[in-house]
Each structure stands twice: as C-alpha cells, then as structure tokens.
Amino acid sequence: MDLIKMTAHELKDKLETKEISSEEITRAYIDRIDKVEHKVNAYITLTTDKAINKAKEIDIKRANGEQVGALAGIPIAIKDNMCTRGIKTTCASKMLEYFVPPYSATVVEKLNKQDSVILGKLNMDEFAMGSSNENSYFHKTMNPWDLSRVPGGSSGGSAAAVAANEAVFTLGSDTGGSIRQPAHYCGVVGMKPTYGTVSRYGLVAFASSLDQIGPLTKDVKDMALVMNTITGHDKLDSSSYNNEYDDFGKYIGEDIKGKKIALPKEYFSKGVQSEVKEKVLAVARKLEDLGAVVEEVSMNMTDLALPAYYLISSAEASSNLARYDGVKYGFRAKDYDNLVDLYKQTRDEGFGKEVKRRIMLGTYALSSGYYDAYYKKAQQVRTLIKNEFDKVFESYDLILTPTGPSTAFKIGEKINNVVEMYMNDICTVPINIAGVPALSMNCGFDANNMPIGVQFISKAFNEKTILQVAYAYEQNRNLPDLTPQI
Amino acid sequence: MEITREQVEHVANLARLNLTEDEKEQMITDMGVIIEFANRINEINIDDINPTAHVIPINNVFREDDVNPSFSRDELLYNAPNKENGCYSVPRIVE
C-alpha cells in the first residue's frame, strides 16, 4: 500500500476502518519530503514535529471513539500567504521574512476544525505576483515532471507539492490563474471557486476584487471534499457571500448526457501550442461520446481581459501593499534620514522586482490624469467581459478551454520578457474578472512529457456542475500513471 | 507609449519607493512596454458602459456593534521592527 499515492478520500476510508493510522500516513509524507524536497523546493516552512503530534492526537481521539472532523488525520499544506497563528507567514517576501501572525486565516481555522494535519507552508511568487514561481525571495520551486522547468505560479509550491506527493492536498490562491495555471503545469486538479465562496480573511491581500482561495488536489472527488470543508459565509470577510452551500459533490458520478458545453474559439487561436489545442479538443470529443453537446462559440472580449486584468490587479495591489511601511510589522531598512525616507528605503529594499513593477504600474494607473484612461476604463471592460460570460451561460452549462497557451517552460526562459510572461495567464484571467468558478485538470502530455491542463468554467455558484463533468471526464480519460519520476 | 524619467520619479514618490538609478532605468522600459500593452483597452469606445468594481451581488454589509476581546499589546508588538515602552518606534517627526 503506497500511502503517498493515495487520495484524501481513499485515506479517509482507510482511517475510518482503522486499517491505517494518521501517524503512519503523516510519517510516510514526512519521509517523502525528506527524499524529494531538496530537488523540488516546494516548501518555505516545514512544521513536521507539530504534524506528528497532531496526527498522534487524532489517532488517540479516534481510538477513544471521539468524534473527529471530515479531514481527520490527512496531511496537507498551505500556501504561505494564508496566516497561520504562531507559524511564520512570509508571502515569499523579504518584507515578511520573520512575520509570525497572531491569528489564523478562516480557511486554516476550518481545516484545523476538521482535524487535518498541516505539514507546512508552501513556496509562491512574492505576494502572489507571478506565473512561474521565479519571484520568491527564498528559492525557486522546480516542476516535479522536469526539474529544469517552472511549476507555474503563483501557487507553484502548492501544485508541485501535490504532484510530487509531498502533501495529500494543498491550498492556493488565485488572482488571475494562480491556482489553475500551476495545476496545468504540474498535472494536478486545481480550482478557483466563485468569488465570495471561500473567506479571504487572513489571506494576505494582493488584488481584493479578484483574489480567491481554492484547493489543489490529486483528483476531482478530493476537490469536492475539500471545497465542502473550506466554503461558507464568514462575517470576518465583508466580501464573503451569504449563501447556503449545497454539497459540492452532489452530482459526482451522475451522467452528463445533454450537458451543453461551449468551446470559445478565441481561447484556441494563435499562440496556443498545437499539442495543447489537440489534447483539449480531444476532451471535447470525449465529453461528446459521454452524451454532452459541444458547440463552438465566440467570445470577442477575451483579448481585452489581460490588459484590464493587469491594470485592475496592479491598482488594487498598490493600495493593499501600502501597509508595508517598516513601522508596524515586517522588514525595516537600516539607513534612513527621516520618516518618509524610512518608508521609501524599507519598501525599496523589502520588495522584489516584480512587486515593485506592479506597485508602480498600479500607482500610475490610479494617479491624477490617468485614472479615467486606465483604472476606470479597465472596470468598464470588466462589465463587458462579465456580460459576455453571462450571455454564454444563458445557453450553455459549461465553457471548456485550455488552461494556458503552453506547457511549463524552462526556468529563466521568460524572466526578462514582461509581456510574454503575462501572456501565460491569458486563458485564466477572464474568469477572475467575471468572478465565476473554473477548474483545471490534466488531459494528457506534450512531446516533452509535460502535463497539459483543460479548464472547465461555469456560471457563478455552479461548481457542482464543473465537478460533475470533470469527474465524468476523469473516469474516462485513460491516462498513464500521474506520478512524476523524481 | 513613452514613459519618462520624470513620470517614473513622480510615481515612485507617490508609491513611497526609493528606486536606485538602475531600477529607474529598468522601470522606464518595463512600464513603457506594459502601458503600451494596456492601451489596447483604449482602442474601443465604451463610454456608456458602467464600470464593475465588484462581481457578486453584495451591498451594505453590516454587523452588530458588539464588544469583543482584541489582541494584547504584546501580541501586536511582537512583529514590530522597532519598539520602545510598549509603542512602535519611528524617527522623530516634530522638532
């Protein structure tokens, strides 16, 4: 029995029948981390001693017949931009290198309440800004499928940890594709839920109107399991949606006959690698074989999403990151002349290149004389994009697209070309702009044996249908073993 | 679009960033490229479209005006880069 290859729902079954203990599972994962972490570099902070103690505690609870949570004894990990009380939360930045939060994010509280075992905090692009994980202050995470390639970003550590079996599942955050794009590069399942579904309380803010926490898992059933745990209204987050959430796995296993699926031709046009296009279209054919109706549609506004995204997200980032001033917490520069110079010197030394670039862009877009041309206009474009999604969802249950135009590229390959780097997010950003949910999962490999992701998008609060169709596809996709050889 | 050195310096001052000379040079190039890319949104006329700031139907979020326990002073000062007598310490601003 290879514990590290098993999914959360499989482990849960075995834990419930007492076939295995949480301590055994946790030790198996810690052994795996010892074996591969020096190659993958998925973590920033490991909390393995705490994890063993927690696992033992849960085993005792279970042995005594006490009630345990839905994820009891499952070893998981969390992106390092979610606050964990008493455990360093760095956001992969020099600015927060030694920051230890006095409280936990709501999602972390929820996972604790369900008795999951936290193995540590995962690497990311600094303040979640990036598409390759090359912007971390600490180290670069490698793609487990090919250690010379990037795992994607910004939740690259979260995706790599799942792909390398260094955690059963992980949490990431997605502002413009930061869960789905690394899920695509690393061959795992990643979902950005509908905006407002998962509380952002305790998530270090990047772009507040776009950020959403979501899981990265080994399979679709696990996705439903984790989503059931982390969603729900939170009075600590005023943008959290007050809704009764149904079981996300409600339709899993149900027939997809008659489901209407749209293929927007703009997501398959130039710039998309031919193997990516081919494998994603093969998914459409497979869904047709399973009884779905697939039709091509046009979404003309797609091209405007990326420039609007960079303006909106940078503007919100410049405002959110104003709090890092070297006074209340975090890094402070050593040499300064006065208070304003303390702010300026601290921010220049504490932030990395990409973060400064986005603060500058955002400040520019919000500054006097440019606000109407950039920020306001981008928000108007947002209306058009949202309307276009609404219109497609009047006639279709789902939209199917590639998750990204290409598979994982080599480390360093795009680092000096800003716009080319931003183009990696072209298939994922429209979803954040419209606030709708989307899931990425593996649908094959390219000639270099790098994973290819397919993206399923639905209207707001309809994750159930995404999971139903994704599960139907997963059961029929006939792919080789999804474990990279490290 | 051309981004000038003066613009970079002005924006850096607004953003409270002490950019080095090399960083300023790099920023002139990078911001120029990004702004040129972003200008695509100015190619269409959408003056009559309402802007969307928030995508889900939420407004007027209220909470009860309850008194709840807060963090202790020590907990909050734990992460302060410089503290004195239970306060944050910063350079003198009043002569």
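Backbone N, Cα and C define each Cβ position, glycine as well.
Worth saying up front: this structure is predicted, and the values here are computed from it rather than measured.
Counting every protein chain shown, 31 other Cβ atoms lie within 10 Å of the Cβ of A:LYS79 (active site, charge relay system). Feature annotation from TrEMBL assigns active site, charge relay system to A:LYS79 (among others).
In the three-state DSSP scheme, A:SER154 (active site, charge relay system) falls into the coil class. Residues annotated as active site, charge relay system in TrEMBL: A:SER154 (among others).
Under DSSP, A:SER178 (active site, acyl-ester intermediate) is assigned to coil, being neither helix nor strand in the three-state scheme. According to TrEMBL, the active site, acyl-ester intermediate annotation covers A:SER178.
Sequence annotations record features per position, and here TrEMBL assigns domain 'Amidase' to A:24-467.
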(request) Would you kindly give the Cα-Cα distance separating A:LYS79 (active site, charge relay system) and A:SER178 (active site, acyl-ester intermediate), rounded to the nearest Å? (result) 11
(request) To the nearest whole angstrom, state the Cα distance for the pair A:SER154 (active site, charge relay system) and A:LYS79 (active site, charge relay system). (result) 9
(message) Is it possible to get the count of other C-beta atoms within 10 angstroms of the C-beta of A:SER154 (active site, charge relay system)?
(response) 35
(request) Would you count the other CB atoms within 10 A of the CB of A:SER178 (active site, acyl-ester intermediate), including those on all shown protein chains? (result) 36
